[in-house]
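Comments concern the structure below.
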Amino acid sequence: MDPEAFSASLFKWDPRGAMPPPTRLLEAAVAPPPPPPALPPPQPLSAAYSIKTRELGGLEELFQAYGIRYYTAAKIAELGFTVNTLLDMKDEELDDMMNSLSQIFRWELLVGERYGIKAAIRAERRRLEEEELRRRGHLLSDGGTNALDALSQEGLSEEPVQQQEREAVGSGGGGTTWEVVAAAGGGRMKQRRRKKVVAAGREKRGGASAEEDEETEEGQEDDWNINDASGGISERQREHPFIVTEPGEVARGKKNGLDYLFHLYEQCRDFLIQVQNIAKERGEKCPTKVTNQVFRYAKKAGASYINKPKMRHYVHCYALHCLDEEASNALRRAFKERGENVGAWRQACYKPLVAIAARQGWDIDTIFNAHPRLAIWYVPTKLRQLCHSERSNAAAAAASSSVSGGGGGGDHLPHF
């Protein structure tokens, strides 16, 4: 056998067996390149914004509409200030904060930013106050007992709504509740209109003193309270936070006694003296009567239980206690024995005061001003009107008796 032929057959290589089919070569030529590795999905803008907002403590939402730069808000947050902290700060404290920001971070605030920060804080305060007012409005419009209880704890609340609800429940009427709510809303609208009238009157008077404004406002409020009930002379009823107690008796339960009520008037006198001392130190005009300034000072001092509606509501009861303590104590014992509520006792306090005014020429203002503890209080308009009415009745009775020649008329004190 030829060795060359053997080696040639052994090492013979057929290139056609090693080459791929033409179709596969074409597929390999046109095949797309492998895709790049997948990137992580982009973070949503809302999520990123919420993270930034959390880092700034809500300052970006507070400042974004007032031209404050993002870096400025970020540095304020870095100093540890939050929205709630800024809302509770005074203007002087805000100025100190902005000065500290400039000194610590060497960051010069623009003039518009300084004003914008204060404007944003004022706008946020107004928004929160409006939300609080709307919340209270919804609370009242619900007509629930809890809302009335909350108002009675604060001071005084209107009782006709509660009385109408009781009548509606007693009569079994299902649709009258909405009418009660509408009536309550109408009363609030009337009160707002009255406040606008009082404010307009102050602007017209111009140079009138603060105490004259207080006295005028007090008289107008009393007039409206008297004439609210269908134009009659019956006074608006209220939910009273007190109960009738005898002298020296300590009240039990949630409500306080009458000794506590009279003690509140003594506290008001102390607060007035403090306000007068502060005014003298500052060289300002000193108030001579218990005005809104005194009530605001009492609230700042922590005596939030002393408020203007409550103290003005019972001032004639305190006047009877000061002018004739024996008659006041006898009236308290009589109403306590009969189980009467404090509203009936309050109405009964008018008659002895009118009798005292009758013995002193019907001049109830002079009687108040002559007493050291009553001189700081305004005379209730209803008490003044009752004295005027009884004086007219007495004069008419005297004139008729002199004309007819008959006997003199008796005591014509009206029933309160």
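Cβ atoms here come from the backbone N, Cα and C positions, even for glycine.
Listed in Swiss-Prot:
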REGION    154-237  region 'Disordered'
COMPBIAS  210-225  compositional bias 'Acidic residues'
DNA_BIND  238-242  DNA-binding region
SITE      K285  site 'Interaction with DNA'
SITE      N292  site 'Interaction with DNA'
SITE      R296  site 'Interaction with DNA'
DNA_BIND  307-314  DNA-binding region
SITE      G343  site 'Interaction with DNA'
DNA_BIND  378-381  DNA-binding region
Local backbone state of K285 (site 'Interaction with DNA'), from DSSP in three classes: coil
Three-state composition of the DNA-binding region (307-314), taking helix and strand from DSSP: 6 helix, 0 strand, 2 coil
Helix, strand and coil totals (DSSP H, G, I; E, B; other) for the DNA-binding region (378-381): 1 helix, 0 strand, 3 coil
Inter-residue C-alpha distance, K285 (site 'Interaction with DNA') and R296 (site 'Interaction with DNA') (nearest angstrom): 17
Three-state secondary structure, N292 (site 'Interaction with DNA') (per DSSP): helix
Whole-number Å value for how far G343 (site 'Interaction with DNA') lies from N292 (site 'Interaction with DNA') (Cα to Cα): 25
Euclidean distance between Cα atoms of R296 (site 'Interaction with DNA') and G343 (site 'Interaction with DNA'), Å: 27
Secondary-structure category, per DSSP, in which G343 (site 'Interaction with DNA') falls: helix
Sequence-distant neighbours of R296 (site 'Interaction with DNA') in its chain (C-beta under 8 A, six or more apart): none
